[in-house]
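Record features, source TrEMBL:
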| type | residues | note |
| --- | --- | --- |
| DOMAIN | 6-207 | domain 'Phosphoribosyltransferase' |
| BINDING | Arg78, Arg103, Asp130, Pro131, Met132, Leu133, Ala134, Thr135, Gly136, Gly137, Ser138, Asp199 | 5-phospho-alpha-D-ribose 1-diphosphate binding site |
| BINDING | Ile193, Gly198, Asp199, Ala200 | uracil binding site |
Amino acid sequence: MGRFIVCDHPLIQHKMTFLRDKNTDTKQFRELVDELATMMAYEVTKDIPLEKIRVQTPVAEAEGFVVGRMLGLVPILRAGLGMVDGMLKLLPSAKVGHIGMYRDPETLQPVEYYFSLPSDVTERELIVLDPMLATGGSANAAIASLKARSCRPTKLVCLIAAPEGVKAVQEAHPDIDIYVAALDRHLNGHGYIVPGLGDAGDRLYGTK
Ligand code: PRP
Ligand code: URA
């Protein structure tokens, strides 16, 4: 079973509080998602393998380490886009693919409408990004879509998850590690996370 990790660093909890607040405007919301994604990038890469190198300091030769893994980021559009720049601040060499997916408001089933990946994607370990993990339908479909194209998704990074979504991803993709900033109580009758933050895409882009 993949790992389930709640990244509850005090600074993450602080920023998550303002992210949830319904009085936080679009500009602030976008900045908070960006900052949270940077902090999540730090947590998500804690286990990244290193390669030893030697460097020459002004005084002597020293042993050093460089990240020995090629990474790719795959945001689920739209809301996942809000996490890309924040992640790239710490992972500037990562390439970025995009999966367009929306949740049908009636059936809550994911509908894929766009798919684009970097040319060397099969050589990269992929981190899937979406601020919200509700039923898990969108994340599961995105991960399945990547696997069907011989890609290697290994991690799913969300800001808020419902227990229902975590369970669904763990059952469908037990090889995936899930990282969240908060695990909330449950889903309501419309598939929204409670207490959640409302609709992440609408709050990021000022729609609706
Ligand atoms: C939201 C969110 C996830 C999905 C989560 O996207 O960003 O992709 O819902 O729900 P699920 O776990 O039940 O699938 P939405 O469909 O609202 O599209 P958007 O990002 O374009 O706003
Ligand atoms: N998508 C969102 O943006 N918010 C939720 O609470 C559930 C799905």
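Every residue gets a Cβ built from N, Cα and C, even glycine.
Keep in mind that what you see is a predicted model, and the values were worked out from it rather than measured.
Candidate binding-site residues: Ile193, Gly198, Asp199, Ala200. Nearest to Arg78 (5-phospho-alpha-D-ribose 1-diphosphate binding site) by Cα distance: Ala200. Put simply, the two farthest-apart Cα atoms among Arg78, Arg103, Asp130, Pro131, Met132, Leu133, Ala134, Thr135, Gly136, Gly137, Ser138, Asp199, the recorded binders of 5-phospho-alpha-D-ribose 1-diphosphate, are 17 Å from each other. Note on proximity: among Ala134, Gly136, Ser138, the binding-site residues of the record, the Cα nearest Asp199 (uracil binding site) is that of Ala134. Taking the mean position of the Cβ atoms of Ile193, Gly198, Asp199, Ala200 as the uracil site, the remaining same-chain residues with a Cβ inside 8 Å of that point are Met132, Ile160, Tyr192, Gly196, Leu197, Gly201, Asp202, Arg203.
Every protein chain shown contributes to the tally, and the Cβ of Ala134 (5-phospho-alpha-D-ribose 1-diphosphate binding site) ends up with 26 other Cβ atoms within 10 Å.
The average pLDDT computed for the domain 'Phosphoribosyltransferase' (6-207) is 97.
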